[in-house]
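Heads up: the structure comes next, in structure tokens.
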Amino acid sequence: MSNKFVITWDNMQTYCRQLAEKQMPAEQWKGIWAVSRGGLVPGAILARELGIRHVDTICISSYDHDHQRDMTVVKAPEGDGEGFLIVEDLVDSGDTARKLREMYPKAKLIAVCAKPSGADLLDEYIVDIAQDTWIEQPWDTSLSYVEPVNRKSK
């Protein structure tokens, strides 16, 4: 992907607050299920903004930084998702979103960003991103990309 879209911490906070506004009234939600790992930070921000204390994770592995690979469900809450917000940072190809819809047909699926291939699978999102654009999330960057600690000195 030749194009890059960098999201700062300030941008992420703003986008998540906008997404939270669309989820009001907060009392309608039993909790938030954040999709690990990209949905963890947005999920935490939404939990704060909505005053939700019940936060859990859905652990689906399909990326290794910038390489998509086979999808593996590592951890999944039980139930059909009724009353829960499922939070992602980004819906790209839509593969993960399709899997989430299959697993939790009654949940509300939301994301901060969406690319055209997956946008229709979401109930709501904030930022449109071109399909050929790579997103650098604030937790992946400083002034430039920083390798995670566990990848140094290997």
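Just so it is clear, glycine is given a Cβ too, placed from its N, Cα and C backbone atoms.
Feature annotation from Swiss-Prot assigns 5-phospho-alpha-D-ribose 1-diphosphate binding site to ARG37, GLY38, ARG69, GLU88, ASP89, LEU90, VAL91, ASP92, SER93, GLY94, ASP95, THR96; the stated evidence is sequence analysis. Here Swiss-Prot flags ARG69, ASP92, SER93, GLY94, ASP95, THR96, TRP134, ILE135 as GMP binding site. Look at Swiss-Prot and you will find ASP89 tagged as Mg(2+) binding site, backed by sequence analysis. Per Swiss-Prot, xanthine binding site is recorded for ASP92, ILE135, and the stated evidence type is sequence analysis. Here Swiss-Prot flags ASP92, ILE135 as guanine binding site.
Around THR96 (GMP binding site), the same-chain residues six or more apart in sequence whose CB sits under 8 Å from its CB are VAL35, ILE60, SER62, MET71, GLU88, listed in sequence order. In the shown protein chains, 18 other C-beta atoms lie within 10 A of the C-beta of GLY94 (GMP binding site).
Ranking the binding-site residues ASP89, ASP92, ASP95 by other CB atoms within 10 A of the CB puts ASP95 at the bottom. With a 10 A radius on its CB, ARG37 (5-phospho-alpha-D-ribose 1-diphosphate binding site) counts 15 other CB atoms from all the protein chains.
Reduced to three states, the DSSP call for TRP134 (GMP binding site) is strand. Under DSSP, ASP92 (GMP binding site) is assigned to coil, being neither helix nor strand in the three-state scheme. A coil conformation is recorded for ARG37 (5-phospho-alpha-D-ribose 1-diphosphate binding site) in the three-state DSSP classification, outside any helix or strand. Looking at ASP89 (5-phospho-alpha-D-ribose 1-diphosphate binding site) and ILE135 (GMP binding site), their Cα atoms lie 10 Å from each other.
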